[in-house]
Each structure stands twice: as C-alpha cells, then as structure tokens.
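Per TrEMBL, transmembrane segment is recorded for A:7-30, A:50-70, A:82-103, A:123-142, A:154-176, A:196-217. For A:13-218, the entry in TrEMBL reads domain 'Cytochrome b561'. Sequence annotations record features per position, and here TrEMBL assigns region 'Disordered' to A:228-252. Annotation source TrEMBL lists compositional bias 'Basic and acidic residues' at A:237-252.
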2 protein chains.
Amino acid sequence: MGGYGCFIFCLLASLLAGFFSILFVLVWVLYWREGLSWDGALAEFNWHPLLIVIGFIVLQGFAIVVYRLPWTWRCSKFLMKCIHAGLHLTVLILATVSLVAVFDFHNNKNIPNMYSMHSWLGLAAVVLYGVQILIGLLVYLFPFAPVTLRATLLPFHVFSGLLIFGAGIATALMGITEKLFFALKSPHYSTSPPEALFVNFLGAFILIFGAFVFWMVTQPQWKRPQEEVPKTLGAEEEGKISADCENSKMESNKEATRKRYVYLDEAGERSTM
Amino acid sequence: MGGYGCFIFCLLASLLAGFFSILFVLVWVLYWREGLSWDGALAEFNWHPLLIVIGFIVLQGFAIVVYRLPWTWRCSKFLMKCIHAGLHLTVLILATVSLVAVFDFHNNKNIPNMYSMHSWLGLAAVVLYGVQILIGLLVYLFPFAPVTLRATLLPFHVFSGLLIFGAGIATALMGITEKLFFALKSPHYSTSPPEALFVNFLGAFILIFGAFVFWMVTQPQWKRPQEEVPKTLGAEEEGKISADCENSKMESNKEATRKRYVYLDEAGERSTM
C-alpha cells in the first residue's frame, strides 16, 4: 500500500484538489464577486483569497512535499533545499501582497482591521511563517550552523512547518465563511444560492488537498533516502560535490547515485518527517 | 529535548489549554449568550458549541494521546485500548447530542439546515468519526481481525484519526466565526466588544490545545514501547495474560513489566504513530 504507484496516486490527487481549489477561488472572485483590481474597492480585497489559496495553501503544500518526489532523490540535497526555500519565499511574498490588499481595502472603506478570529490567527500564521523561513535559511541552507543544532531543531522545523500549513487551512476556511456571510445577503447564504454551494465545494477541495499533503509527508516509506557525506561538509560543499539535478540524471542507477554522497551527516541534512 | 520532563510539560500545557477552552466556551454561553436549556430556543443551540469543545476537541485530544502517557505503559494494551475506545465513544455520544441540539433549534425556528461550509465539514467529520470508531472496534479491539489486516490498516487508522481531529478543530473555528457574526450586531463584531475579544481567545486556546496534542502524538521518542506476545493471541487473551493496571503497578521495574508480554506482534497491536 505504500509503494511508488500509491505515492503517484496521492500526488495526482493532491494536484487535482490543488488545481480545483485555485480554479474555484478564481471563478468565485471573477464570476460571482467583483473581479480583480487595485483601487481600494471590493475587487482589491479579492486578491486576498486568491493569493492565499494559490500561495499559502497550494504552493506551500508543494513546497512541503517537494523532498518526497522520488525523481528528485537524484538531485543534490542543496539544490532541493534551494527549491524548498525558494517556493516558501514565493509563498511569503504572495501572502504579504494578499495582506496589503486586505489592509488597503479596509483602510479605504474605514473598516476596522484585526478584529476577527480569522484576522488574529491569519496574521499569527503569516508572522510565524516568516520566522520559520528565517530560521530555516539560517540553520539549514547557509553552511554556518553546527550539525548538532541542525539535528536538535529538525523536529521543530518539520512540526512547525506542518502546523503553520494546517493553521493556514483552518484560517482560510474561517475567512471564506466570513466572506460568505458578508457577501450573500440577497439571496441569503442560508437559502443556498448557487454561489454558496460553489464556494462550499472550494472549502472541501482545500481540505482534501491538505489531507493528501499531510498523508504524503508523514509516511515514513516515502522519505528521501538517507545519504552520507563528511560531517564537516556544509551545504555549499555538498552542492559542489553533487553537482546538480541534470548531471545526476545521467546516472541510470538510483542506488549508485545515492552512494556518490559518501558520509553525509544524516541528522543535519534531513528536513522532512 | 525529548525526555520525560518535556512530555510532562507538553501534557500540562495541553491540559491548561484544554481547560481554558472549556472554561471560555462555558463562560461564553452562560454569561454572554442565553445560557443552557432544551426548549428549542437559543439556549438549546448553546449545547452545540459547549459539547463540541468538551467532546470533539478536548476529550478527543486526550483519547488520542492516552497511549503516550508513560505511566500507562505498565497497563495491559487491552485495557488501554478499552480506555481509548471508551473515550472516543463518549465523544461520539456528546457530538451526536450537540448535533441534535442544533438541528432541533433550527427546525423550531424554521432556519434551514446544512447550508454552510461549517455544517458540511462538521457533519462529514462526525460521520467519518463514527466510521473510524466502528472500524477501530472491529479491527483492533475485538480479537477477530488477522494480524496482517491490523498491520495494513494501522497507518490509515492513525492518520484518519488525526485528520478528523484536525478537521474538527478547523470546523469548530468556522462555527465560532459564524456565531460571532450572527450574534454580535449591536455592538457589531467589527467594533471589538469584550465578547468578541473573549471568544477570539477561545479560538486561540483551541488551536494551542490542538498543537500540543499533535506534537505529543507525532514524536517517535514518546511512543508506547514495543511489546511481544504470541501472534495467535487476540485482545481478550492479551487482557487475561497481562491482568490489569493495578497488578502491573506492583512490579517496580518497567523493563521487567514489558518483558512479561513475550512475542506480542508489533504490527497488529500498535495503534499510535
């Protein structure tokens, strides 16, 4: 039940759920709501749900899952860390723009900021996400941190990443709930107009996407295989030794590829569950 | 970082967050809202958030974490399974009563049922919880299921349990958001009256409680130690052999206690991550 085929099924299912999440939020803001603009009107607010679903939900999910893709196991760990960090930094930028959109819209319309539970938990999630990325860069990407520190912080790095992802999903669902109660007055949300049903499905797709991501990153049999390089090697040197993904692809035997990385310190180099 | 002291700290923190979650929801319905009754009025609805927080959040969290309590490792696995299953069944009863309260209130006031995303995901979570308990009882508590089936289903049992718990937290936060937007009209939620701030903290406590539970049950160093009994033994026989927790306490050496269970099949008997 835990083989390659099963992983591919889960990956395709998450891709599909992620695709439908983005499609549904896009159709919602473009067809049912006021579209997209940057003029302080409702259409500016719409960047908020759109960018959060694209970034903080879907892209973050794939940034978390990227180490588990079997065809990346031939790539150097350093390259994978760069992709992981790059995706997360992109998510942080999208989340920041989405927050600017909502604050700008509120200020323009004299709507108070930061009063709802959604806003409290959402801002906390984005701030913690920034802290998580900063610590991740300092400890795991740059070659300064000692191996013991990397090993000590690893379970916290993995757990807090998943916690922020989960909290992001919960906060998104709260935000969609808020928006539906605000926006659906005539006909009212409680009369289940087509928009209500449509957006309820958006929530379901977000949850299904999250469930598949959590499943993929918590199954031990789908971990990136252990590698060995000297303890003294930093991320840069590791990168030089292993060249890049393209070079690795030349080698036909996966096992042989892995053996190129001799003596890699396991504790300091692994960063998924 | 993963020792006994750290586990106790996490357990106390989760107890505190759980206690404050229940206290805050109780104060909310008794002081800010219409109290509790069973007459079809708003006070009947209030059983819904109260019982969900007590049952589906706090009690379910402790039902999940119960195998990780080090002082229960001397107790027989069968006894622990009974406690685990008993707590979950209690949660299911509380959740069912809480659903009856909200449907009864809606029907009495001619409010449509099942139109919001909260109601969709909430009902799905409770139904899946019932299915999870039924499968858990049939496969892990009663001695009929073969060891291979137990082993195959174990990762799904653990994962779906945590997924339902997480979905329950997200759904509870959506429900609280709904209620605040419905109830706070004058003064409006957006003006941050004391009730709004108070209930926002309720949401934060629920999330903190969930975070500590997830941390405790996903750390491998806090797993219940492996035990060994003959593969042919079912739950009943295991229960007879190991007597009960009280007898086990007589043995001063934990290691000696564990060795009493010779040849226990690991795969079929473990049911936490």
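Cβ coordinates are placed from backbone N, Cα and C, and glycine is handled just like the others.
Any TrEMBL annotation is an automated prediction that lacks curation.
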The domain 'Cytochrome b561' (A:13-218) [mean pLDDT, rounded to integer]: 97
Same-chain residues near the transmembrane segment (A:154-176), Cβ under 8 Å, at least 6 residues beyond its ends: 48-49, 52-53, 56-57, 60-61, 64, 116-118, 121-122, 124-125, 128-129, 132, 135-136, 139-140, 199, 202-203, 206-207, 210, 213-214, 217, 267, 270-273
Non-local residues, at least 6 beyond the ends, that sit with Cβ under 8 Å of the transmembrane segment (A:196-217): 7, 10-11, 13-14, 17-18, 20-21, 24-25, 27-28, 32, 53, 57-58, 61-62, 64-65, 68, 162, 165-166, 169, 172-173, 176, 180, 184, 189, 272-273
